Amino acid sequence: MNLQALIEDIRQQVLPFYDQGRVADYIPALASVAPHQFGLAICTLDGEHYACGDAATPFSIQSISKAFMLALTLQAEGETLWRHVGKEPSGNPFNSLVQLEYEHGIPRNPFINAGALVVTDRAIRHFGAAHGRLLDWLRAESGAPRLSANEQIAASEREHGDRNAALAHFMKSYGNLDHPVEQVLDQYFHNCSIEMSCSQLARAALFLANHGLSPNTAQQYLSRSQAKQVNAVMLTCGTYDAAGEFAYRVGLPVKSGVGGGLLAVIPGKMSIAAWSPQLDRRGNSVLGLEALDRFTTRTGLSIF
Ligand code: GLN
């Protein structure tokens, strides 16, 4: 199969979907991104790399950071992490408050904002500077030593972060946050504000396709079982209240972010990153979903 020709063709097929979604504007600094951009990159475990469109353009990874932060924290903490955060799909938007009260401050899963705040809090306990640890790790894995957070976006998130602050305070009232709310939010916003390209993201995610072992650095970050756990939670929770639609149309573990990125894993084979900033009403990239749907449908490469 000629994957390069395939992704070029998919790009042509999805470009007509421009303007069916909207760039996220609840974080004002994200709203200024040029809307008509699309990139797709693939890294295979055989060492092949395929890319097309704007695959080399850095964008705000936003909630895709949650998948990497989960992996690093799971590596440090192990099973007891799941006492603080669940692993069930929420069926609710990523920033919803409603379930938290019924469920006594234990978020449904690590990929909704509440869950990622808890994971960040645990990461602070293990690493001190959770954001610094994540950044160093991403730099090594993506082979891009100058990766960093966009301070302007981090500041914009903080300024408009009342809902995340509410989630954090609420969980603290249940004793499910050890560190001061301000500290956890600051680390979380910086993680979300990291900028990476599709090519860099696909490369950094290879360990999830390779049962926890990174082909980039030869490090075993997760056990085979833990890599399976992270992929499973990505499949069921990685795209929030659209996880069912993604499983149905794409059939892969996927993590999305409101910067318009989608990161997908084909265990045993490859990782794929798609990006286009216009989002559907559930906060997932319109062109990204169209592209991943076509990729798995045309190649037959899905976990099902
Ligand atoms: N930084 C964003 C927020 O906290 C991340 C949301 C997302 O990408 N789904 O709201």
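From the backbone N, Cα and C atoms, a Cβ is placed for every residue, glycine too.
Record features, source TrEMBL:
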- SER63, ASN113, GLU157, ASN164, TYR188, TYR240, VAL258: substrate binding site (BINDING)
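In the three-state DSSP reading, VAL258 (substrate binding site) counts as coil. Sequence-distant neighbours of SER63 (substrate binding site) (same chain, 6+ apart, CB under 8 A from its CB) are PHE94, PHE111, ASN113, ALA116, CYS192, LYS255, SER256, GLY257, VAL258.
Residue pairs drawn from SER63, ASN113, GLU157, ASN164, TYR188, TYR240, VAL258, the listed substrate binders, are separated by up to 20 Å at the Cα level. SER63 (substrate binding site) falls within neither a helix nor a strand when secondary structure is assigned with DSSP, and so counts as coil.
Around the Cβ of TYR240 (substrate binding site), a 10 Å sphere holds 24 further Cβ atoms from the protein chains shown. In this structure, the binding-site residues that sit close to ligand 1, with a C-beta under 6 angstroms from any of its atoms, are ASN164, VAL258, chosen from ASN164, TYR188, TYR240, VAL258.
DSSP classifies GLU157 (substrate binding site) as helix under the three-state reduction.
Neighbour list (TYR188 (substrate binding site), Cβ cut-off 8 Å, at least 6 residues apart, same chain): ALA116, LEU117, THR120, ASN164. For GLU157 (substrate binding site), applying a Cβ distance below 8 Å and a minimum sequence separation of six or more within one chain yields ILE27, ALA29, ASN164, PHE189, CYS192, SER193. In three-state terms derived from DSSP, TYR240 (substrate binding site) belongs to a helical segment.
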